[in-house]
């Protein structure tokens with residue numbers, strides 16, 4: 001026999017009038033207006049049109065002017081001169097070393113390291129073409145050779161010696177030109193034989209005479225010890241020539 005359950009009546013709230021609810025629904029769905037900086041905050045107001053007009057009409061800032069006029073790049077010095085690199089002086093110093101019997105020492109009074117670095121890189125390049133990677137060895141020997149010649153000369157000259165290390169490094173570097181030429185020619189010479197050793201002796205004597213003449217003429221008190229200075233220069237460039245021979 002089926003059992004009957006008593007279900008209580010469900011009371012639904014009275015539905016509002018659709019015509020009356022439509023305005024409320026439309027009011028809720030209205031999007032809020034975006035933030036307008038001009039309305040409430042005065043210091044954030046910005047007008048693009050007025051800014052563009054003022055920029056086009058007013059002068060543009062181009063940096064500080066020199067001498068009351070506008071900046072001109074044509075009046076500036078070349079980059080090499082600002083770096084202290086003077087190609088004309090380097091070429092004149094290299095030409096002075098080409099003639100070991102008449103070395104022009106006046107161009108070497110203004111010592112620099114740009115030319116020696118150029119010759120050092122050329123020497124390393126020719127050694128690299130010969131299959132010898134000696135960048136660090138050559139650089140170390142140049143530094144040690146410059147210090148060695150500086151110490152030897154000042155010990156010989158005593159208080160009268162006025163040869164500084166910068167000038168000594170410049171002289172040793174520029175007089176590396178014969179060794180650099182020998183390194184380039186060694187690429188075409190036989191590896192073993194009298195020709196290679198004879199060429200090495202000629203270029204070493206060339207570099208020795210040029211460096212000795214420059215050191216004696218640039219510093220005071222060196223004429224009395226020309227033989228000892230020449231011996232020190234001969235040892236220096238013999239070491240560099242051995243890098244090429246062997």
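Using the three backbone atoms N, Cα and C, a Cβ is placed for every residue, glycine included.
Annotations in TrEMBL come from automatic prediction, not curation.
The annotation compositional bias 'Low complexity' is assigned in TrEMBL to 7-24.
Annotation comment: TrEMBL describes 97-243 as domain 'Yip1'. The domain 'Yip1' (97-243): residue composition by secondary structure is 112 helix, 0 strand, 35 coil, according to DSSP.
Residues or ranges marked as region 'Disordered' in TrEMBL: 1-36.
The feature transmembrane segment is assigned by TrEMBL to 136-156 (among others).
Sequence annotations record features per position, and here TrEMBL assigns transmembrane segment to 168-189 (among others). Only residues 6 or more beyond the boundaries of the transmembrane segment (168-189), in the same chain, are considered here, and those with a CB under 8 A from a CB of the stretch are 93-94, 97-98, 108, 111-113, 115-117, 119-120, 122-123, 126-127, 129-130, 142-143, 145-146, 149-150, 153, 195-196, 199-200, 203-204, 206-207, 210-211, 214-215, 218, 233, 236-237, 240-241, 244-245.
Marked as transmembrane segment by TrEMBL: 195-219 (among others).
Marked as transmembrane segment by TrEMBL: 228-245 (among others). Tertiary neighbourhood of the transmembrane segment (228-245): same-chain residues 123, 127, 130, 132, 134, 137-138, 141, 145, 148-149, 152-153, 156, 172, 175-176, 178-179, 182-183, 186, 196-197, 200, 203-205, 207-209, 211-212, 215-216, 222, selected by CB-CB distance under 8 Å and a gap of 6+ residues from either end.
Over the domain 'Yip1' (97-243) the predicted model carries a mean pLDDT of 91.
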